[in-house]
Amino acid sequence: MKGILYAQLKLLIRNPATFLIMTGICILFAFFIGSSSGTYQSYIPIYSEMEEKETEQVLSHLQQYGAQNYELVEKEVLEKEVREGSAEAGLFLFDDHYEIVIASKTGTFTLLEQNIQKAYGHYLQEKQLKQADNVNGAQLIKQLNEPMFTVETKTFFGEDSFIYDSKLQAIFGFAVFFVIYTIAFNVIHILVAKQEGIWDRIILSPSRKWEMYVGILCYAFFLGYIQVVIVFSFFRYALGVNFYDGFGNALLVLIPYVLAIVSLSVLIAGISKTTQTFNAIIPIVSVSFAMIGGSYWPIEIVTSKFMLALSKIDPVTYVMDALKAVTIYGEPISGALFPISILVLMSVVMMGVGINLMERRS
Amino acid sequence: MLEVTDLKKQYKQTKAVDGVNLFIEQGEIVGLLGPNGAGKSTTISMMSSLIPPSEGDVRFLNESVIKQPQKLREKLGVVPQEIALYLNLTARENLQFFGKIYKMDKKQLGAKIDQVLEIIGLVDKQNDLVKTFSGGMKRRLNIGVALLHDPSLVFMDEPTVGIDPQSRNYILDTVKRLNREKNMTILYTSHYMEEVEYLCDRIYIMDQGHIIASGSKDDIKNILSAEQTFQIETAVVKEEFTNLLKEHPSVRQLTVQEKTVTLLVPKEVVFFQTIIELAEQTNTELKSVQVQKPSLEDVFLHLTGRALRD
């Protein structure tokens, strides 16, 4: 095993470009896409038939939830902007209900629907309380806004609501996406060694076969893990990105994911007869997994049942869930045990099948 | 030292090796000669415990290699046909890597690497990347890796394929030296007749998965001891001339290669005069007529009806 690690490290020192470029590209993508999404707030034109004071009440509730930029406009302007695509959605406010106008169903619609539901609910609740008891209404509203204690439920599996942090979405998404390449292009050393006859030489040595597998896979694991740690640390310490006090837990959550990707690469190596096949499969798998698993965009905005079903067999889905749980949703590690367990299970199954396939072929 | 009994390897419908029997004594250089696809590499892979045979056994120092491969592996060095090296590492780093794989002592390894580099003549190039090496240098390093752990038995699978004559001679001399100075036992496979003739004490000739002849060089050549070889060089090979030769009752075998006609004729027959007469009869211009001792090439031709490099 020492020999394998020695050779792999020497090869890395001799040609560190691939690792550095992959890490650099990951940071650049996360930086630019995260920053641009961070400052971008989708524009929502609002036309209101409510009283000015009441409109302001609803608007103030909406603005509390952030993420979208609201502006009061005339009815014709709203309709024109939605029709022409300059706004993804528009909102009509009435005394007893609201209406959303959209040209197509996008993530903006989902987010707007969630926010207006909460804002309008809040507004109606206040209104009813005022009407029910004119004397104590104001006090009741005050108590409602400042309760003695609050019971808050946060979820990262929920279908009803989600919290979106564009910076973390980009950092997590690109880190877990690019690390697939780094790991796969190190696991491929098994296939290269087999093709070039080095593996046979090792078999004939006193080293055991499991030592060879462990050597190469440990190396792939550590290199992949170091890459994600570098990316996360860069954003946390160099750019001061808020990890919601979950930075340490986020690094822990990455361990089962990196392991799952090592196993996935072993499985693909087991299926591939040659390095050429392996090199052809990896980009297809990594891009599809990233898309399906919510690496590029939050999985919460995906509405297709088929895509959601597919995401259940994708390790990216579970690592994104777990990362969001321990950061955005402020969960402890135990709160992310479900996705972590799935990742561990995936690692065991894929590793077992992959090594079996490779051994059968040889 | 090593004994192979009724070794067979079958891949679905194809019999790659079919009932090979051979033995190697301590300190010998044994040649395994045969054309491409004869089953030499498969035989070596089974003998080195790399692939299991379909049937048969390989015994090293009286212990079955199939059941207990470890004992052989400790004493065996294998030079594969392909260049099994890391091209992006230097020669020294490659040797260091394989030394670690062989779990060699760190202090011992440095000295051993120097020694091996000396043997293969790559001391000056030890810190160069292997990918910058010529074909011959890669082949030498490929051999060096197999010598690192001081094996007493070395299998060399066509170690001179595709290299220049100078490197080839260097490798052949190295093999001879290793055998002479270190009493290393070597199994050398090749389809180059002259290499095997130059190096080996005993030879096994293999074709289509079978051993078709075996013994010392002289034993094998004696297969043709009752015959003599005539090599006739002509200005133009006329069909009439070769037909007359073929029809002659004394001619056992006739082959034509470009302008050269080769004949096998019983030793007791005086055939020189006949050749001259038939040439005159058919107006064939003779450039030269040589009577040759049979070579291994002739033996192979005699046994299989095909040239070794067909």
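Glycine residues also receive a Cβ, built from the backbone N, Cα and C atoms like all the rest.
According to TrEMBL, the feature domain 'ABC transmembrane type-2' maps to A:133-361.
Taken from TrEMBL, the feature transmembrane segment applies to A:12-33 (among others).
Among the features that TrEMBL reports, transmembrane segment is placed at A:170-192 (among others).
Positions annotated as transmembrane segment by TrEMBL: A:213-235 (among others).
Look at TrEMBL and you will find A:247-271 (among others) tagged as transmembrane segment. Beyond its flanks by at least six residues, the transmembrane segment (A:247-271) meets 175-176, 179-180, 183-184, 187-188, 190-191, 217, 220-221, 224-225, 228-229, 232, 236, 277-278, 281-282, 285, 315, 318-319, 322-323, 326-327, 332-333, 336, 339-340, 343-344, 346-351, 353-358, 361 of its own chain at Cβ-Cβ distances under 8 Å.
Counting residues 6+ beyond its ends, the transmembrane segment (A:278-299) has Cβ neighbours under 8 Å at 107, 162, 164, 169, 172-174, 176-177, 180-181, 184-185, 188, 191, 264-265, 268-269, 271-272, 307-308, 310-311, 314-320 in the same chain. Sequence annotations record features per position, and here TrEMBL assigns transmembrane segment to A:278-299 (among others).
Residues or ranges marked as transmembrane segment by TrEMBL: A:336-358 (among others). Long-range neighbours of the transmembrane segment (A:336-358) within the same chain, counting only residues 6 or more positions beyond its ends whose Cβ lies under 8 Å from a Cβ of the stretch, are 157, 190, 213, 249, 253, 256-257, 259-260, 262-271, 315, 317-319, 321-322, 325-326.
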